[in-house]
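So the structure is just underneath, and the comments pick up after that.
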Amino acid sequence: MRYPESLLKLTRALSRLPGIGPKTAQRLALHLAFHKEEAEALAEALEGLKRVRACRECGNLAEGELCPICQDEDRDRSLLAVVESVADLYALERSGEFRGLYHVLGGALNPLEGIGPKELNLEGLFRRLEGVEEVVLATSMTVEGEATALYLAEELKKRGVRVTRPAYGLPVGGSLEYADEVTLGRALEGRRPV
């Protein structure tokens, strides 16, 4: 069956997005074709993305020079969480528990992929340390994330900053039976009194 070219173009564009396969892309395109108000709202939102850029301080997404978090005077400026990506920053923000500032590295050390310290936003991090008392290394629990955390811990300690890592543990609602050995071991190491 032949589809209108504009529908095919939209379907191809949608299918390039993460988590959207060809069938889902086609369903979305058809939905938008029959719901013009939603299509216009989506087009307007996509147009607005042209104003989004990296925050000059932390690397988060911003519509101006600074992101809303860096602009927030109520944030604890003595506390800085280092994350690999903006998605990681948003995950920490959703917890509602972290009230400091963030720094987005833009990845993790990965020599096999040619990603060394110079490929990450480290100079920006080191420039931000004045007034920072604690840096939380909130990198992922992968080999690359751990290597990045170890490297940064050494560099930050040389600069006289307290360095911490988030506690490891079991997920809420998770069963011990299904937890891997490393997670269980770290959960036991990090146990605290009740």
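Any Cβ shown, glycine's included, is placed from N, Cα and C.
This prediction places the mean pLDDT of the domain 'Toprim' (78-171) at 94. Residues or ranges marked as domain 'Toprim' by Swiss-Prot: 78-171.
Under 8 Å from some Cβ of the zinc finger (55-70) lie the Cβ atoms of residues 86, 89, 93, 101-106, 121, 124, 128, all in the same chain and six or more residues away from its ends. The zinc finger annotation in Swiss-Prot covers 55-70 and is backed by sequence analysis.
Secondary structure of the zinc finger (55-70) per DSSP, as helix, strand and coil residue counts: 3 helix, 2 strand, 11 coil.
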